[in-house]
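Participant: Mind looking over this structure? Questions follow.
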Amino acid sequence: MAELDANLDHIIPSSVLAPFWAKLVVGFVSLVCFARSYDGDFVFDDSEAIINNKDLRAETPLGDLWHHDFWGSRLSSNTSHKSYRPLTILTFRMNYYLSGGFYPMSFHVVNILLHGGISVLMVDVFSVLFGGLQYSSRGRRLNLAPRSSLLAALLFAAHPVHTECVAGVVGRADLLGALFFLLSFLGYCKAFRETGNKEGTHSTFWVLLSVLLGAVAMLCKEQGITVLGLNAVFDILVIGKLNVLEVVQKVLHKDKSLENLGALRNGGLLFRMTLLASGGAGVLYMRWKIMGTGPPAFTEVDNPASFADSMLVRAINYNYYYSLNAWLLLCPWWLCFDWSMGCIPLIKSAGDWRVIALAALWFCLIGLICQALCSEDSHKRRILTLGLGFLIIPFLPASNLFFRVGFVVAERALYLPSAGYCALLTFGLGALSKHAKKKKLIAAVVLGILFINVLRCMIRSGEWRNEEQLFRSALSVCPLNAKVHYNVGKNLADKGNQTAAIRYYREAVRLNPKYVHAMNNLGNILKERNELQEAEELLSLAVQIQPDFAAAWMNLGIVQNSLKRFEAAEQSYRTAIKHRRKYPDCYYNLGRLYADLNRHVDALNAWRNATVLKPEHSLAWNNMIILLDNTGNLAQAEAVGREALELIPNDHSLMFSLANVLGKSQKYKESEALFLKAIKAHPNAASYHGNLGLRQEKSQIVRGTYQH
């Protein structure tokens, strides 16, 4: 659109309009915005999706990736999150293999480069939105709106709402989904490259390739499939040049010429729509078949509005959530890693002042939609239609319209919709510049927006570098969010600051009296501080609220054991194992209980179960060796010790225990060698030096730190 581009000539200098330089500038800005996150830690969801995800490890067959969800659980499981993104997990696995382990820098660098590549690709996408689809005689697509496409791409590259996707490693799903989404759209544009945009003509190869790329996008992130809907809108309204206002008028007037509308009689268009529809339906069917069961089961704290009894309350709150998403695009200074658990209180009546926000949203949307569909200017219709298409269509899976989602607001869900916002903002700036007398002031405002956004991206990237900064940054944004207080408390507890952690855990429970994970962690700390009565009360309440909470049952058993309530402790351990059959730590603690009760055979069986489930469980191995030693079963103790050292060859505590057994068995040379090896591995252990001289000191049951 030459007019729009001309209106921006005082903002974008002509020296950067060459395609190479424009893309270089966009790529550079995108890297500057998020470069601070390159050496960040794994934070928040990264732990579950990457560190604790067995699908990243070489021992997991590659074929399993196609049957597991994003978190490594089987899709057929009722507890699965149902987020199916095997191609994203494959890239994590490649990162893990190439970097030789869980080194976050390589993961972060890939994310930063992906965002840079997507931002560069946006120059081409925006050139279609603003300049239309025109090709040279050599088949090269022409950028007829270089200033508009460059400004919109810069706004996209430097939008702070992207920080979660770029600085959080799990955001790679959104980045990869966006990459193939854009490639699918540009591929669909190429379907008309050799036809000169003649009516009814297209390249079937590029249409099919676009469908395939849409499927690939969906295998990276679910919303990727929505590109097929965008392609359909693009084809009907831009390629087919369907004037919706004209169609509506003819329908209302029962005009017989309606049958002669070119777009409706276009056989090529109908064929392409058939390909898009059948391709999309086929991909969605395969996705549903692979998913195995119904949709995931979310809780009320994840998405309170979806659990409201009144349909009106649900509708009002959904629309309020949309307005919050729009506000994050307009003013991305108010960012938070999590928006659940009371962060946004429900609107329960029409008298709530927040209703104004959703009214304002729909006032703006309806105005834009009317302009997009009814304007006589075909260029304006194209820009507004595609801008709204990019804004709305990729957001539909997160809208709660088709199914319940597991969040209230998610900044990551705005990565692709922000492209539509940037297109609409650029169009608005161009229109404003056209009518403004002080064009230099408009240029200063645009440059100010870009500078502030770049600065905000850099600040926010720094907050995402470690969990302490990330969690604390959310306290001022969502002070009513129990999960924020929980995560701050957990971070403090991990650093040994139990007093401060208790304060945040108590606040989390106050904000959400059913927050069982906060109760469990608070109970653990109170247990370690020997405040056993309150710990038991909290853990008992946690298992009452969530009867299948295995970790809370185990921790309740530990507290009951400390209170000498042995029968209750055994029952709690057994209940934990009932709800989580593969629970080595619970078997270990059950063995400790049996050892305290002198039920030696039961103790040995419990510890053996722990080592079967977790062969590297050093404490269980150690206690087996020492119990057998103390009961005079030296031969069996030696056999267990040798078995343990084969599995964990560098464990100094196992070396020490086996050395004791060997000394008692009068195998002095081998005993001395193991003592020396244990001392070398742990030179500050006084007992190791003492036993090296005595070789015959009586052993005791190891009371190592409990694992929860």
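Quick reminder: no glycine exception, Cβ is built from N, Cα and C everywhere.
No curator has checked TrEMBL annotations; they are predicted automatically.
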Participant: Do you know which of 20-38, 324-342 TrEMBL annotates as transmembrane segment?
Facilitator: 20-38
Participant: What residues elsewhere in the chain lie close to the transmembrane segment (20-38), defined as a C-beta under 8 angstroms and at least 6 residues from its ends?
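Facilitator: Same-chain contacts beyond the flanks: 105, 108-109, 111-112, 115-117, 119-120, 122-123, 146, 149-150, 153-154, 157-158, 162-163, 166-167, 450, 453-454, 457-458, 461-462, 464-465.
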Participant: Counting CB pairs under 8 Å, which listed stretch among 203-219, 355-374, 386-407, 413-432 touches the transmembrane segment (441-459) the most?
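Facilitator: Comparing 203-219, 355-374, 386-407, 413-432: 413-432 has the most Cβ pairs near the transmembrane segment (441-459).
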Participant: Is the transmembrane segment (203-219) in contact with the transmembrane segment (386-407), using three or more Cβ pairs under 8 angstroms as the rule and ignoring pairs under 6 apart in sequence?
Facilitator: no
